[in-house]
Structure formats: structure tokens, C-alpha cells
Amino acid sequence: MKLKKLLLSVLMLLSISGLQAQSLSPSTQIHWDKGTLVIETPERPTDQQHVLGLTAPKMETVRVAFVGLGMRGPWAVWRFCNIPGVEVVALCDYEEDRAEASQKYLRDASLIPADIYSGEKGYETLCQRPDIDLVYIATDWNHHFPVAKYAMKHGKHVAIEVPSAMNLEQCWSLIDLSEQTRLHCFILENCCYDYYEMNALAMAKDGVFGEIIRAEGAYIHELSAFWKSYWQDPNDNDTDNLHWRMKYNMENRGDVYATHGLGPVAQCMDIHRGDRFTTLVAMDTESFVGKQYVENLTGKEPKEFRNGDHTTTLMRTARGKVVEIQHNVMTPQPYNRLFKLTGTKGYATKYPTPEYALSGDVMKDTAPNMDDINAHSFLNDAQKEALEKKYYHPILTKFGEKGRAMGHGGMDYIMDARLVYCLQNGLPLDMDVYDLAEWCCLSELGALSMDNNCAAVTFPDFTRGHWDEMKGYKHAYASAEEEEATEAKAEAYTIAQKEVAAAANLWTLYDNVKNAADEKAQDKALKIYQRAKAKAHQQLAKKLKVKK
């Protein structure tokens with residue numbers, strides 16, 4: 001009770017000082033037990049069931065709307081324009097011109113123009129539409145949760161950029177919504193789809209490293225060149241002109257961006273699929289660089305800078321394994337996500353160069369010169385090439401080549417294409433709402449640890465008792481016949497969409513609306529465009545019906 005009062009006092013003080021300590025939840029129930037801070041797991045309401053292995057009916061066409069079109073959102077629109085069987089229905093951003101700018105990707109792909117939404121509550125009008133299946137959220141962090149919550153309450157699946165939830169209260173709310181609505185709540189963790197991580201996952205699942213007993217992950221990325229590029233929310237009381245991300249770091253302690261490092265190693269360690277995180281301890285440095293940045297910008301030293309320059313979180317699992325996660329966006333050093341797996345038979349490490357070390361005859365009959373393998377040194381190039389060829393992940397086989405052509409290392413496209421694949425085939429998604437909660441809760445749990453002299457803090461069981469029912473992490477696949485049929489329908493849809501858009505001359509009519517001389521002319525042009533677009537959708541439905 002004393003701790004609860006202390007936390008509430010801290011939150012009130014931060015509120016009075018203008019800070020929004022979003023990594024702390026007033027609703028979190030906590031108590032001490034023998035020096036450990038115990039986070040209580042709320043009971044599941046009687047009318048809810050878990051969503052492990054959740055599926056939704058197959059979608060021949062995935063109708064998607066995008067909310068948040070600043071830094072990452074526009075590239076997501078571009079990627080979806082290159083995935084067959086998708087219709088981009090709507091584009092939304094607080095600033096209308098940013099939403100409008102992303103139309104160029106649909107224009108370049110000769111697709112039907114999307115509808116535009118803007119303003120503080122534009123996403124609410126968007127979510128009320130009946131013709132949207134998926135809302136793809138790439139806003140600033142503060143808006144991830146409210147947009148997702150509203151979308152799910154209006155019957156939409158959601159895919160949320162990271163971090164998808166900022167505290168435990170938001171984690172539990174998304175879990176309850178997914179369980180109540182039976183809708184997917186997908187964390188857009190692209191690093192789970194990078195090539196080295198996917199191949200290492202395939203190796204781990206086949207026992208190449210033996211039992212994985214320890215793992216490391218990180219987000220180490222000096223962001224000094226980006227701080228001013230982040231959006232400045234006019235409603236966020238940003239009087240010091242910090243822009244949202246630096247402001248969030250100043251106001252919040254803990255690993256506020258854990259998922260890039262944690263997601264891939266959690267999959268390798270079967271988290272909530274036979275094991276679960278039970279306890280963490282977090283420790284951070286003082287803020288040296290962050291605090292100095294604010295002082296240089298404002299001319300005065302900040303009263304408080306909550307986020308340390310480097311944060312380290314150690315976690316233990318129910319099966320006695322350990323994971324270490326680091327966060328540093330302040331100090332100058334090469335980009336690094338660590339990704340290290342320590343197993344009873346081998347070791348994998350991605351940075352600074354991707355390597356493997358194996359013991360015994362793990363690679364028997366796989367690569368040349370196997371007699372001299374031992375774990376005292378990394379595999380040579382020929383051995384490494386043979387290992388990666390043998391364990392090249394099936395998802396990379398399907399999407400990897402096009403992914404590389406789409407930029408950013410390919411992992412973003414692979415993530416989006418795989419998401420659409422699962423929705424079109426009615427399969428469980430690769431990450432569920434429990435993954436989202438487990439990977440995003442480090443911010444609040446770590447802050448609680450560090451605010452209490454780096455005390456041990458327990459994890460709640462986000463599955464509420466079901467973490468040991470699924471044995472091992474795995475991806476779901478359709479049969480070859482089902483894949484072929486689904487892909488044929490998807491390709492046919494995209495071809496037909498392009499044909500009706502061209503036949504109706506939609507982009508010329510769209511431009512007529514934008515270039516109208518006055519309001520009266522614009523109203524007239526808008527009516528002509530809307531009639532043509534409605535007719536194009538009717539023609540599209542007819543084309544697809546004939547092809548069936």
C-alpha cells in the first residue's frame with residue numbers, strides 16, 4: 001500500500017510539472033514479497049477466452065487503412081501497394097498534406113485512390129467505415145494505443161508500430177479487447193523478419209544450438225540526426241520544442257524501445273509457448289547526453305531527465321533461462337541489435353559481423369571440413385554458407401528476394417507480406433497480443449525496478465495461465481494447393497483493380513477535385529469523382545465474379 005501511494009505521488013508530481021509519465025500505470029496492482037516487487041495479474045473476465053492460435057475468416061482481399069503518415073507510415077503504404085490482393089481504402093494523418101502525399105504510391109501503382117482523413121479525431125471517422133478489415137497504425141507512440149483501441153472497438157483488426165503499448169494498463173486493455181472481439185492485435189516488429197534472425201530461428205527450432213539458455217538483444221542507435229525530424233504534437237505542451245520522441249525520453253524511464261532486440265530472441269526461446277518471463281532487474285546510467293541535448297536546445301538544464309543514456313534489463317524465465325536487453329539512443333556508437341543466442345551446443349551472434357560457433361558433430365554431412373569444428377572459433381565462410389543454405393527460412397524463400405528489392409534490408413516488406421498472407425489464408429498471425437504485451441511491458445517494469453533501487457520485479461502472466469499449452473514457437477502455413485488458389489485470386493484482384501481505375505480515369509478526376517478553381521467547381525468535381533469511383537468498385541466486383 002505504501003508503494004502504491006508513493007507511485008501515485010510520483011505520477012501526480014510529474015503531472016503537475018507538465019510531464020506525462022506514460023511508462024507508469026496508476027492501475028497496476030503491486031505488492032512486496034521478500035524484497036521482490038510483485039506485479040499482480042488481473043483475473044480474466046468470465047466471458048473472455050484466450051486468443052492463442054487465433055484465426056479469422058479468410059480474406060480474399062485485405063482492405064487496409066493507414067493511420068499515421070509521418071516517417072514510417074508512407075513506406076508502409078508503398079509496400080502494401082506492392083502486395084497482391086490488397087486495397088488501400090483510406091489514409092489518415094493529423095496533418096492533411098501528409099496523408100495526401102502518400103496517395104502518390106497508389107497513383108504510381110495505378111490503384112484506386114484512397115479516401116483522405118485528417119485532424120485530431122480523423123481516425124475515428126475512418127474506423128467507423130464498414131469496408132475496412134485492417135487498421136495499420138504508424139503514429140507517434142502516444143497515439144498507438146488510442147487509435148488501436150478505437151479501431152478494435154469498431155470491429156477492425158489492428159497492426160501497431162512499436163512500441164505498440166506504452167505501459168501495463170495499455171497492454172491489458174489490448175489483451176482484453178482482442179479476447180472480447182476475437183480480432184487480431186499484431187505488433188509490427190520488423191526485426192523478427194530480418195534474414196539472420198529468421199535463419200537463426202530455423203536453426204534453433206531444429207536444435208542446432210542445443211537448448212538455448214541465454215540470449216541478448218538491444219536497440220543501440222544514436223539518433224542525434226533524427227530528433228528534430230520527429231513530429232511536434234500541437235496538443236503535447238511541447239514548450240521546449242523537443243519534438244515527441246526526445247520529450248518522451250525525457251519524461252519516461254525504462255527500456256522504452258525494447259521490441260527490436262527482444263522480439264527475435266523471445267521467439268527463439270518459446271516465450272508463452274512453453275516458457276515465460278517471470279522476473280526482471282533493470283539498471284540505467286545517468287542521463288548525460290540526453291540532458292545536455294535539452295540544455296543546449298533550451299539554454300537551461302532540465303529539472304529531470306528520466307531516461308538514462310544506456311538502460312540494461314535482465315530477465316529470467318520459468319525454465320531458468322536468462323535474457324539481457326539493452327537500450328541506447330544517445331551515445332555515439334555503431335548501430336547494434338546484439339542478437340546473441342547461447343545454447344548447450346552452439347552460439348550465434350549477429351553484430352558486428354554475423355557468426356556461428358558450434359560444438360561436436362552438429363553439422364555432420366552439411367558442410368566441408370567438418371572434422372576441425374569446435375566452439376573455440378567461429379565457422380569459416382564455407383561452413384557458414386552451408387549452414388545458412390540448409391536453414392534458409394521458408395518465409396525468406398517466399399518473400400526474401402522481393403523484400404531486398406523493397407529496401408530497408410527487406411524485413412519490412414517480408415513482415416507486411418507475411419501479415420497479408422496469414423489474413424488471406426485464415427491463419428494465426430506470427431505474433432499475437434501476448435507477444436505485444438510481453439515485449440512492450442519492459443518500460444513500466446524496468447521503471448518500477450529502477451525507481452526502487454533496481455529491485456527485482458515480477459512479470460504478470462499475460463496469458464493468464466495458458467503459457468505452457470502451446471509447445472514451441474512456429475509459423476503457420478497454408479497447403480501448397482491453398483497457397484496457389486489464394487495467390488491467383490489476389491493477383492486477379494490487383495489486376496482488375498488497376499483496370500477499373502484506368503477505365504474510369506479516376507486519377508484525372510481526383511486531380512480535378514484538387515485543382516478546382518473555387519468551392520462550387522470543387523463540389524461539382526467531387527460529385528463526378530465519387531460517382532466514377534463507386535461505379536469502378538461495381539465494375540471490379542463484376543470482373544471478379546466473372547473470373548470465379
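Even glycines carry a Cβ here, placed using N, Cα and C.
In this structure, Tyr257 (substrate binding site) belongs to neither helix nor strand by DSSP; it is coil. Residues or ranges marked as NAD(+) binding site by Swiss-Prot: 71-72, Asp93, 141-144, 161-162, Asn190, 240-244, Tyr257.
According to DSSP, Arg245 (substrate binding site) is assigned to a helical segment. Taken from Swiss-Prot, the feature substrate binding site covers Tyr219, Arg245, Tyr257, Ala258, Thr259, His260, Tyr335.
Residues or ranges marked as signal peptide in Swiss-Prot (evidence: sequence analysis): 1-21.
Using a 10 angstroms CA-CA radius around His260 (substrate binding site), the binding-site residues that qualify from Met71, His144, Val162, Asp240 are Val162.
Asn142 (NAD(+) binding site) carries a helical DSSP state (H, G or I). Tyr335 (substrate binding site) carries neither a helix nor a strand DSSP state and counts as coil. Between His144 (NAD(+) binding site) and Thr259 (substrate binding site), the C-alpha separation comes to 15 Å. Here the candidates are the binding-site residues Tyr219, Tyr257, Ala258, Thr259, Tyr335, and by Cα distance the one nearest Asn142 (NAD(+) binding site) turns out to be Tyr257. Calculated from their C-alpha atoms, the gap between Val162 (NAD(+) binding site) and Thr259 (substrate binding site) amounts to 7 Å. Counting every protein chain shown, the Cβ of Arg245 (substrate binding site) has 20 other Cβ atoms within 10 Å.
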